[in-house]
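First comes the structure, then the notes that go with it.
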Amino acid sequence: MDIDEDIRDSSTPEAPATKISRQQILTLISMASINFSSMICYSILGPFFPNEAKKKGVSQAMIGLIFGIYALCTLVGSLILGKYIVQIGAKFMIVAGLFISSGSTVLFGFLDQVSDGTVFIVLCFITRCVNAIGFSAAVTSSFAVSAKVFPEHIATVLGFMEIFTGLGLILGPPLGGWLYQSFGYEIPFVFTGCLLFATVPLNLWILPSFDAVPSQNSFLRLCTRIKILLICFVVFTLSSGIGFLDATLSIFAIEKLNLSAGSVGLLMIGLSLPYGAASPIFGVISDKYPSIRKWMMVVGGMATAVSFCFLGPLPVFHIRSQLWLTVLMLIVVGFSLCLTCIPTFAEMITCAHENGFEEGLSTLGLVSGLFSAVWSAGMFFGPTIGGYITQALNFEWSAGVQGALAFFAVTKGQQD
């Protein structure tokens with residue numbers, strides 16, 4: 001069967017199709033497998049790695065940097081790979097990225113065998129950097145491919161894909177915590193790395209190739225648009241909050257709420273479950289009523305700001321840290337992050353087209369690369385700065401800083 005030929009024929013925008021095409025079905029399966037397996041690999045660290053690293057003599061600030069370096073390398077990789085997606089090939093980027101990411105995930109599982117201190121820290125940085133390059137290749141290309149195949153329903157498809165992102169984030173922490181408690185440090189990474197590797201032959205078989213012409217447009221021109229910059233700042237605050245929770249929530253829950261590593265994994269479901277459940281709903285709303293996308297981001301950002309302030313909660317409120325309040329605020333954060341995030345990618349593409357960027361894979365690569373880069377910048381800032389503030393002050397104040405960032409993004413967005 002000639003999938004490539006079928007793809008090129010069906011990708012020509014003629015009349016709106018009332019029935020989902022074979023190309024679109026294959027693309028949905030491919031993107032779902034990438035999102036699900038990648039997010040499981042990413043999220044398993046949260047429940048046990050910070051505590052395991054502390055046993056190796058790693059400080060809270062350095063733990064935050066180990067989480068953050070992943071995002072920093074993803075940022076650099078996204079910008080470079082997004083620019084050259086046409087020359088490299090979207091399918092090759094996805095398959096190669098998955099292969100690299102799966103291998104480095106497995107290797108990360110054997111770092112408990114190395115000596116404590118500097119050697120452990122350096123090897124953590126190396127494996128996380130390699131993993132991040134593979135991840136950035138797969139994710140940047142998958143965003144562009146999704147927008148290419150579903151040009152009229154970008155937010156809807158993104159919302160659908162976020163179901164699998166949410167599932168990966170939901171299953172990752174409890175699975176990682178359970179495997180760690182039952183079998184030790186190595187098995188969580190070996191298991192999830194092999195799961196990610198299984199998507200390599202799957203995507204080689206079902207994912208089509210895409211023909212496109214390189215564009216002369218650049219990230220610099222894209223970033224000269226004020227609306228694009230404002231949306232990027234919103235995306236930055238979202239990912240910063242998620243990255244902050246990845247690096248700090250588990251230690252807070254273990255020390256302040258007296259939870260085990262397995263229970264911390266279940267606690268993190270409070271964030272990922274509402275995010276995944278609400279994503280398709282907000283995606284459909286965003287595509288059906290594009291005029292309200294701005295207000296979706298504003299309302300979501302405001303709710304995010306409030307919930308982060310009460311997550312600790314902030315000492316100025318004089319409220320004691322309690323499990324039920326933490327769970328409730330994580331649920332609110334999950335919904336509000338979803339409400340804010342889902343419209344952003346579609347709105348960036350719309351803004352690019354309105355400012356003279358041609359409709360094609362090259363422009364989609366630029367937008368998806370910028371989106372992934374800004375998201376990664378937040379994922380670097382959140383764990384790194386959040387980890388430092390947590391070490392210098394405490395989790396409660398650090399969460400309040402994340403809330404202030406979200407509030408600042410809302411006020412700037414309203415000025416647009």
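From the backbone N, Cα and C atoms, a Cβ is placed for every residue, glycine too.
Annotation source TrEMBL lists domain 'Major facilitator superfamily (MFS) profile' at 27-416.
Taken from TrEMBL, the feature transmembrane segment applies to 25-49 (among others). Cβ atoms under 8 Å from those of the transmembrane segment (25-49) belong to residues 3, 63, 67, 94, 98, 101-102, 105, 135, 138-139, 142, 145-146, 149-150, 157, 160-162, 164-169, 171-177, 179-180, 185, 188-189, 192-193, 195-196, 198-199, 202-203, 206-208, 245-246, 249-250, 261-262, 264-265, 268, 272 of the same chain, restricted to positions at least 6 beyond its ends.
According to TrEMBL, the transmembrane segment annotation covers 61-80 (among others). Same-chain residues lying 6 or more positions outside the transmembrane segment (61-80) and placing a CB less than 8 Å from one of its CB atoms are 45, 49-50, 53-54, 121, 124-125, 128-129, 131-133, 135-137, 139-140, 219, 239, 243, 246-248, 368-388, 390-391.
Annotation comment: TrEMBL describes 92-111 (among others) as transmembrane segment.
Beyond its flanks by at least six residues, the transmembrane segment (117-145) meets 27, 30-31, 34-35, 38, 42, 53, 56-58, 62, 66, 69-78, 81-82, 85, 90-91, 93-94, 96-102, 104-105, 107-108, 111, 207, 210, 345, 361, 364-365, 367-369, 371-372, 376 of its own chain at Cβ-Cβ distances under 8 Å. Residues annotated as transmembrane segment in TrEMBL: 117-145 (among others).
Residues annotated as transmembrane segment in TrEMBL: 157-175 (among others). Outside the transmembrane segment (157-175) by six or more residues, the chain places 28, 31-33, 35-44, 46-47, 146, 150, 188, 192, 262, 264-269, 271-273, 275-277, 279-284, 286, 338, 341-342, 345-346 with a CB less than 8 A from a CB of the stretch.
Annotated transmembrane segment per TrEMBL: 187-207 (among others), in sequence order.
Taken from TrEMBL, the feature transmembrane segment applies to 228-254 (among others).
According to TrEMBL, the feature transmembrane segment maps to 266-285 (among others).
Annotation comment: TrEMBL describes 297-317 (among others) as transmembrane segment.
As annotated by TrEMBL, transmembrane segment applies to 323-349 (among others).
Residues 67-76, 78-86, 90, 132, 136, 139-141, 143-144, 147-148, 210, 212-215, 217-219, 222-223, 228, 232, 235-247, 344-345, 348-349, 352-353, 402 of the same chain sit 6 or more residues outside the transmembrane segment (361-382) yet have a Cβ under 8 Å from a Cβ within it. Here TrEMBL flags 361-382 (among others) as transmembrane segment.
Counting Cβ pairs closer than 8 Å to the transmembrane segment (228-254), the top stretch among 187-207, 266-285, 297-317, 323-349 is 323-349.
Cβ atoms under 8 Å from those of the transmembrane segment (297-317) belong to residues 231, 234, 237-238, 241, 252, 325-326, 329-330, 332-333, 335-341, 343-344, 394-397, 399-400, 402-404, 406-407, 409-410, 413-414 of the same chain, restricted to positions at least 6 beyond its ends.
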